[in-house]
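Structure first, then comments.
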């Protein structure tokens, strides 16, 4: 693993020497901008970005954005340096810290996705009984537990990596012997990938089975549950979970193949290793795109971040308000009669000032229920 992870690119003019910095730079820029905007949108005062009263989804999405932002800021530049430079230039402490943060944020993301899937299952399967459990306070406690577990599971990586001298070069490589490395890599696959993906699959699978099996007198409730489960937040988080499984799957598969299969060191296997890293790291910049495509309310809150968009929204609101004030009711009957199309509480009242010809100007005025 150390050998293939620290093979330098063949030559400065090779395709890899050009592609690797470009790909990692794109991941860094898109991830920083995208997740930064997600934080700015979710930290705005106001209702949930998903229009769900008392929603805990925003807190989990906020936690995912924080984990992705930490990963991109603290890990991607140094991993790019591993693949583009012949030596490690940042010292032993940074070598250990970078790899600790890689797995810390990976665990935080996977555990958060598992928590979201359970939250969505409870919202659909037990909408009333789970209301007292699915509160912002409990969501914050769940986020704290996620980071605590992530820290515990990733702590061994603080000593897993270290720096060694290879001739005149210093390299950042795994420092453990093979048996311990294999045990930790398998444990990371089981706890950081297999377990969360299994929880997500079971939670969303049971949710869909419940929705499709609901028949009889509970049909109306099932229809409402189906609408909520397939709503914007549910679809977005299911997409995010699927992307996580697809992006991190090849990374773990190659590690297992290295330990238990035939993994000869060659340019082809090196390219596979590099591609799996790029795919796993790209996962951190895909989530903001999913949120923006899934929720028009999220997009509306994003537009309010910019003064021009906010002014446009206010101008449109004022124009609509003026148009509504000029609307004359189509009905000639008294307010509130069965054929009246006017909203309840609105009536036509004469103003005191008369127009020419003895006509009285009529305006809409808001009155409470009589």
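Here the Cβ of each residue, glycine as well, is placed from N, Cα and C on the backbone.
Checking Swiss-Prot for transmembrane segment across the ranges 164-184, 185-205 points to 185-205. Relative to the membrane, Swiss-Prot puts residue 93 on the other side from residue 303. When each of the disulfide-bonded residues 95, 172 is scored by how many other Cβ atoms sit within 10 Å of its Cβ, 95 comes out lowest. Tallying C-beta pairs under 8 angstroms between the transmembrane segment (185-205) and each of 58-78, 97-118, 139-159, 237-257 places 97-118 first. Annotation note: residue 172 (disulfide bond) sits in a strand segment as assigned by DSSP. When Cβ-Cβ distances below 8 Å are used as the criterion, the transmembrane segment (139-159) is approached by residues 56, 59-60, 63, 96-97, 99-100, 102-108, 111-112, 115, 119, 175-176, 184, 188, 191-192 of the same chain, each at least six residues removed from its ends.
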